[in-house]
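Straight from TrEMBL, the features:
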type	residues	note
DOMAIN	4-243	domain '14-3-3'
SITE	Arg57	site 'Interaction with phosphoserine on interacting protein'
SITE	Arg128	site 'Interaction with phosphoserine on interacting protein'
Amino acid sequence: MEEREKLVCLAKLAEQAERYDDMVEFMKKLARMDVDMSAEERILFSVGFKHTIGAKRASWRIISSLEQQDTPGDKTGVMIDAYKKKVEDELRKVCNEVLSIIAIHCLPLANSGENVVFFYKMKGDYYRYLAEFSTGTEKKAASDQSLMAYQHAMVVASTELSPAHQIRLGLALNFSVFFYEIMNSHERACQVAKQAIDEGNTEIKSAGEGVYKDSALMMQFLRDNLALWTSEVAGGEASKDTDINMEG
């Protein structure tokens, strides 16, 4: 068995055991072999980091909620602030590592339209995660980089992938969330989501429901977000993005 196959096998075993830090290490080694990843490999690479970053993002949101309820300057508030900064440092470290690997080892080797869109989308996602907790010039820089990555992915997806392709729909889903939550551009978020739904539906109807059955979840998330964002009673409910296994 070649080293590449061994790393994939080990990553799968780590995923089954929910040892996501180990999974990430195996897939980082594979990425640094400078190979154009297969669909299975890019999923393992993405999923490992999603679990790592997902727990930290959830912690940050809870801490931020506690911070808003506390009186600034008291003992509990000081503890909350210190812990929040610790989580932010961990988030920043993970995001920067992912973005470095994508820039050096993934995008330069991506030959297929699917891989180009996948990794530019992933680049947009991790800059979006940075923008979620950053402030000032750091937030603007992360937001600008996220926007450019998503835009590039959309251009490639429009020529290389069907409107009902799961990766293209997942890209539209996360791009619309970026507009809603980071740019505070609710109208643009709705436009991106609605266009993806309309174009996806047209393609699915012409090709038949069974052809794009794996795209159903992305379509449903887009519909859910659009309904949430256009509702007057939407306050407080979180938008859905692709913090799931995108490709089944």
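The backbone N, Cα and C atoms fix where each Cβ goes, and this holds for glycine too.
From a predicted model like this one, the values you see are computed outputs, not experimental measurements.
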Would you kindly give the Cα-Cα distance separating Arg57 (site 'Interaction with phosphoserine on interacting protein') and Arg128 (site 'Interaction with phosphoserine on interacting protein'), rounded to the nearest Å?
11
Among Arg57, Arg128, all listed as recorded sites, which has the most CB atoms within 10 Å of its CB?
Arg128
Model confidence over the domain '14-3-3' (4-243), averaged pLDDT:
92
